[in-house]
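The next block holds one structure in the form of structure tokens; read it before the comments.
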Ligand SMILES: Nc1ncnc2c1ncn2[C@@H]1O[C@H](COP(=O)(O)OP(=O)(O)OP(=O)(O)O)[C@@H](O)[C@H]1O
């Protein structure tokens, strides 16, 4: 696992930095990314605030919300880009590894304590096999963990950008409205913070009512409080679409080890999520419903699973 390392989970809205050693992390700091012009500036600010003894001899492991192929990395929802080798040099780190944020989240799953996992749907017997991870936040992250003897192989793609599937007439109508805004309606267009607002606005269009200017947090607040019908329906559709996408992920990877849901949004509404159409839609896969019924689905309660994954990430290779 290596020595002491600075770790960072850089999302489209928030970044979290910490110092990890022996698979555990401390000195956690939350940062709003909009406060900084670059990742280098945000990391330097964090490092400068650490006790001097902690600053030296560090390796680095960072998780970013965007694809990581080669040296140049661009964060999908943020507009920051950087060169891994330049950052490695300018921060004076022993080594620096950068991975996709959902790859890091996947790495955390085998290390999650039971108290950090909230089952959604029926209790299933002890599960084994591939694991899928999906999480709506600023964007929609998707990844998988494949068992390989005593190790796990992580797979991080761009599953948030797959075409959004419809499973009902009302979902057909929502997608038709959204297709007027985007020729390709990806899963992320509804399964994200902005996606909650897109769903709310699409439902207003379908109903012929004027949409108010709401934030994602307004939509969930009015939905949970039951004070706005379109918000109630938007949250319900959000959970149903997530059930479809999670079921597709389970089928694609044969994820008999379970589907884990990450991301900051649902953490706040776990009871409402558990009683939503999510699980019914997860299992509604025609002839394969029986296979899906045996697959556990759960919410990850650990607030920064990517950090836990980075604390365990092998730095070599
Ligand atoms: N109470 C809420 N209800 C609904 N959406 C919310 C709520 N609070 C925050 N959000 C939305 O959640 C998103 C941020 O999610 P998260 O906390 O997982 O951040 P992130 O790590 O920056 O995301 P990502 O890693 O996907 O870029 C934003 O779109 C924000 O508007």
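Including glycine, each Cβ sits where the backbone N, Cα and C put it.
Under the heading ATP binding site, TrEMBL lists 8, 9, 10, 11, 12, 13.
Here the features listed in TrEMBL are painted onto the structure.
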residue: 8; record: ATP binding site; Cβ within 10 Å: 25
residue: 9; record: ATP binding site; Cβ within 10 Å: 25
residue: 10; record: ATP binding site; Cβ within 10 Å: 25
residue: 11; record: ATP binding site; Cβ within 10 Å: 23
residue: 12; record: ATP binding site; Cβ within 10 Å: 22
residue: 13; record: ATP binding site; Cβ within 10 Å: 15
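Proximity to ligand 1 (Cβ under 6 Å from any of its atoms) holds for these binding-site residues out of 8, 9, 10, 11, 13: 11, 13. DSSP gives residue 9 (ATP binding site) a strand state. Take the mean position of the Cβ atoms of 8, 9, 10, 11, 12, 13, the recorded ATP site; other residues of that chain with a Cβ within 8 Å of it are 14, 15, 16, 33, 63, 64, 65, 75, 78, 101, 138.
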